[in-house]
Structures are given as structure tokens and as C-alpha cells.
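The structure follows.
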Amino acid sequence: MQNYKYDKAIVPESKNGGSPALNNNPRRSGSKRVLLICLDLFCLFMAGLPFLIIETSTIKPYHRGFYCNDESIKYPLKTGETINDAVLCAVGIVIAILAIITGEFYRIYYLKKSRSTIQNPYVAALYKQVGCFLFGCAISQSFTDIAKVSIGRLRPHFLSVCNPDFSQINCSEGYIQNYRCRGDDSKVQEARKSFFSGHASFSMYTMLYLVLYLQARFTWRGARLLRPLLQFTLIMMAFYTGLSRVSDHKHHPSDVLAGFAQGALVACCIVFFVSDLFKTKTTLSLPAPAIRKEILSPVDIIDRNNHHNMM
């Protein structure tokens, strides 16, 4: 009986899960890899395009009115900030990227775990994880700026910056829409961008993303409480950043809460639906060859039994 090997039945082009062009033509495979990288960069650019347009153009926020007796917008303007934009970006981005670099290098060097079309495992790991993180940053900032210019909520220090001429305003009308600000126009436009807090959304996104990254990559069991301590510290940093905006008279408490919710939502969506941090690795296995059993008729079975009995 002929010994049939299942491996011979596999079409050569289907081995290694690819076509002959990908398996035997490295030039075409390399061009496809470059095309995919360019597509990823294009998607990253498009995700951050609303943020870039709003920040670099003269788009003005929605012109919202106010009530003369609204105490929530009568706070004085503070000259300094507890956490300015430079510190926020430096801490949020630098800490997250350094943690990702450390985690991926440890994972590849010590655990020998890396699967990617990019040949260098270190470059491949950083490309995937840092790319996903920056993609989420772009989405979060675009969401924030779109909300700011669309809603135009007045900051707590709006009247201090606007300095309207109340002698020309009839407060008995209730909601005042027709008014003119005598303050600096750039500061007035910035004072119309209260909802929602960009500091709260950005800090929550970066820190929660890092918390989830530690949950997926920090596998050392030596210190049971070390990982929860690090995660708690990161979340508290995000909370402090958002709450400082209330004490600085930059945002209302509801602005900060909305920013926290938006940053957390984007972080969870990026981690669970875009990145592969919590995705189980599945391998495609070919089915085992079927075992052919010899089928005998009842007469052949009787003859075979008689043959054994005679022996």
C-alpha cells in the first residue's frame, strides 16, 4: 500500500501562508511592506489633521453669550499654570514612549517574543506599539479641539479676559449675546474653549494607555504589589493634572470630568481594538491527514477468522 505524505499534497505556493510572489520575490515583498508603512503614516496624519488645522488656522470658536449673574465665569485670571502645555506633553509622551521602549526590548531580548513582517524585531515592536500610542494621541487631540471650537463654552475667567462694557449691556434681558469684548482678542478666543479640558483628556489618555500597557506586558511575579502601585501612581498623576485646571480657573469641574471620560474612552479603544496588547496569538494549523481504514465484507471477515483458526 502506497505511503501518502500529507505534505506533498500542499501546493508549494500555499506553504508559509503566502503566494509565490511573497515567498520567492523579496523585492516585491519589500515594496508591499513600504506601501503598508506609508498607509499607516497616512492614517496617522489624517487622525491628527483636525487638530493641526484648528491649531494653525484662524478658526474661531462658537460665539456664546452669557448671563450677567453667572458667577461661574467671574473668576480672576491667573498668570501662571500649575502644569503648562510643555510639561504636559513632555511628561505624557516621554514617559509613555520610554516605558514602551523598555517593555518591548525586554520582551524581545529575554522572552524572545516577536512576530512581524519587519525583519528587525526591535524596530517592528516599536513601530507597532509606539505607532498605536501616537495614533491614539492624534485622535484624542482632534476630538478635544473639535469640541472646543464647536461648543465654545466660556472659561471661568472669561469676564476677566473679555472685559465687556456693561454700560452698553442691558442685563435685564437675561441671556446676553450682543456684546463686545475690550480685552486682547487672542486671549478672548482662548477663553471660549473651556469644554472639554484638553489637559484632562490628554493626561488620562497617556496615563491610562500606560496602565493598560503595564497590565499586558509587566509579567514579573516577584513583587505582587509593584505593578498595581505603578498603575495607581499613573492614574493619580492624570487626576492631579485635570484637577489643577479647576484651581487654575481654566476649566469648570464638568469640563475636567468630560475630558477624563474622553481620554479613557480613546485609550481603551486603541488598546483593545487597534493594538495587539491583549490579543491572543493564534496559529493556523493544517488538518491531519485522514486515516483510511480497510473495509472488509462479512465474507472476508469470516475467511480471515478461519485462516487464523487453522494456524
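Backbone N, Cα and C define each Cβ position, glycine as well.
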Per the topological domain annotation in Swiss-Prot, are Arg33 and Glu81 located on the same side of the membrane?
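Checking Swiss-Prot: the two residues are separated by the membrane.
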From the set Ser19, Ser297, which residue is assigned the annotation phosphoserine by Swiss-Prot?
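Among Ser19, Ser297, the residue Swiss-Prot annotates as phosphoserine is Ser19.
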Can you work out whether the transmembrane segment (86-106) touches the transmembrane segment (194-214), with the criterion being 3+ CB pairs under 8 Å where the paired residues are 6 or more apart along the chain?
yes
How about the transmembrane segment (194-214) and the transmembrane segment (34-54): do they have 3 or more C-beta pairs under 8 A, pairs 6 or more apart in sequence?
no
Are there any residues at least 6 positions away along the chain from Asp255 (site 'Stabilizes the active site histidine for nucleophilic attack') with a Cβ closer than 8 Å to its Cβ? List them or say none.
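Listed in sequence order, they are Arg153, Ser194, Phe195, Phe196, Ser197, Ala200, Arg245.
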Who sits close to His251 (active site, nucleophile): which same-chain residues at least 6 apart have their Cβ under 8 Å from its Cβ?
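Result: Arg155, Pro156, Ser194, Phe196, Ser197, His199, Ala200, Arg245, Gly259.
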Using a Cβ cut-off under 8 Å, which residues of the same chain at least 6 positions beyond either end of the transmembrane segment (123-143) come close to it?
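Residues 37, 40, 43-44, 47-51, 93, 96-97, 100-101, 103-105, 107-108, 114, 116-117, 198, 201-202, 205-206, 209, 213, 262-263, 266-267, 269-271, 274-277.
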Can you give me the average pLDDT across the topological domain 'Cytoplasmic' (107-122), rounded to a whole number?
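A mean pLDDT of 65 is what the model gives the topological domain 'Cytoplasmic' (107-122).
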Do you know the DSSP helix, strand and coil residue counts for the topological domain 'Cytoplasmic' (215-225)?
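Output for the topological domain 'Cytoplasmic' (215-225) reads 3 helix, 0 strand, 8 coil.
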